[in-house]
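Asks: Shown below is the structure under consideration.
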Amino acid sequence: MDTGEAINSTRHPCRKAHTQFGARNQQQLEQRSPTNPANMAAAKLAALIITLLAFFGSVACQGSGILCLGGWVHPVPILGRLACPGGLIPSPRVFRRPKAAPSGAGLRVGYYNSCPNAEDIVRKVVKDAVDKEPGMGAGLIRLFFHDCFVRGCDASVLLMNSSGSSADAEMFGPPNKESLRGFGVIDAAKSALEAACPNTVSCADTLAFAARDASSVLSNGRVSFAMPAGRLDGRVSLAAETSDFLPGPFSDLDTLKSRFAAKGLDTNDMVTLSGAHTVGRARCMFVSAGLNGTLAGELRQKCGGADSGNSTVNQDYKTPYVLDSQYFQNVKDKAVLFDSDAALSSAETVALVDTYAADLGNKWESEFAAAMVKMGNIEVKTSPGPDAEIRKKCSIYN
């Protein structure tokens with residue numbers, strides 16, 4: 001959803017790539033990366049697994065019957081059969097048991113009475129960043145999503161390392177590495193908060209506010225809502241868990257429903273939140289072949305060529321810098337980039353897609369706001385303890 005970090009791609013659009021809500025500046029990642037050689041080697045291996053698929057032959061983009069790395073890697077033909085590249089074991093298509101809707105117990109609007117300007121501080125930092133670079137807003141929304149779906153909304157995605165483990169942190173997981181962005185905006189907001197109200201506002205709440213504010217800026221105020229607060233920060237962050245929970249761009253409808261249900265979000269929430277793909281940019285290697293002919297031709301030109309490894313494309317070719325309901329018309333027109341987007345054309349979800357595409361009375365915007373709040377309730381930590389704190393710096397646990 002943001003300006004997308006470049007990665008290897010090929011001329012065939014079936015073998016190209018998506019970043020769900022954006023991509024992160026590689027120099028920023030390198031500045032925050034651990035220098036441990038083992039960690040660096042593991043991170044490079046994870047990236048290699050994802051890029052390997054670009055060098056295999058053509059396969060059908062949907063309905064393959066096999067899910068690789070949670071939908072983050074496309075299956076490839078090996079010895080006449082579809083398989084996951086790099087020796088990956090296929091992921092289960094039907095995920096874990098559904099959970100009840102997250103209650104957000106312990107959260108409330110106006111939580112920071114002791115720091116009354118907290119939300120204004122975050123809002124200013126976010127607005128300045130998004131005004132300067134609209135893609136950063138898409139990155140912040142995606143960063144919030146990737147945080148909440150792994151260990152709940154506890155800012156674990158911001159950690160460079162994990163308490164009690166030498167394994168790589170979430171930011172180095174295959175769905176996140178060289179893809180997520182917005183870390184610098186959160187760091188700037190947290191620094192301003194610490195100057196105004198030391199040891200008061202959590203990184204988890206800072207990220208939740210930032211995603212809310214980015215939504216407002218990108219929608220020109222049409223997405224506007226109060227974000228409950230009171231989250232504490234986690235201390236554990238594991239790259240290995242990212243592809244277990246985050247739905248990938250090669251996911252079909254059943255996989256999407258299952259992964260959202262595992263976090264207490266229903267099918268309508270899944271469709272509504274998918275609308276965030278109306279902003280930001282995508283890496284070419286995740287792009288589906290199931291596009292209308294005109295758009296597919298345009299994407300082949302933009303993603304092909306000698307410099308294709310540095311290619312990214314807008315996720316919404318009509319209104320790429322506005323958070324609006326155009327995405328749902330794009331679904332209807334077969335002008336979306338990912339298999340996971342095209343899956344919303346199924347009989348089970350097409351009625352809601354049609355409703356949102358009609359763009360009547362800000363319906364999608366209001367329901368997107370409610371879904372963001374609901375997502376922000378996932379597995380929150382609200383009681384201080386060994387695994388919950390208010391970090392002084394968002395990238396390092398206390």
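Here the Cβ of each residue, glycine as well, is placed from N, Cα and C on the backbone.
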Asks: Choose one of C203, C303: the cysteine that TrEMBL connects to C284 by a disulfide bond.
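Replies: That record, TrEMBL, gives the partner as C303.
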Asks: Check for me: which candidate out of C84, C115, C148, C153 does TrEMBL give as the disulfide partner of C197?
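Replies: Candidates were C84, C115, C148, C153; TrEMBL matches C197 with C115.
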Asks: Inside 8 A of the center formed by the CB atoms of D147, V150, G152, D154, S156, which other residues of the chain have their CB, for the recorded Ca(2+) 1 site?
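Replies: Filtered neighbour residues, in order: C148, F149, R151, C153, A155, V157, E170, A204, G234, S237, E379.
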Asks: Cβ-Cβ under 8 Å from C197 (disulfide bond), same chain, 6 or more residues apart: which ones?
Replies: Y112, S114, C115, A118
Asks: Which of V150, C153, C203, C284, C394 has the fewest nearby Cβ atoms, counting only those within 10 Å, among these recorded positions?
Replies: C394
Asks: Taking the Cα of D154 (Ca(2+) 1 binding site) as the centre, which of the recorded positions listed as H146, C284, C303 lie within 10 Å of it?
Replies: none
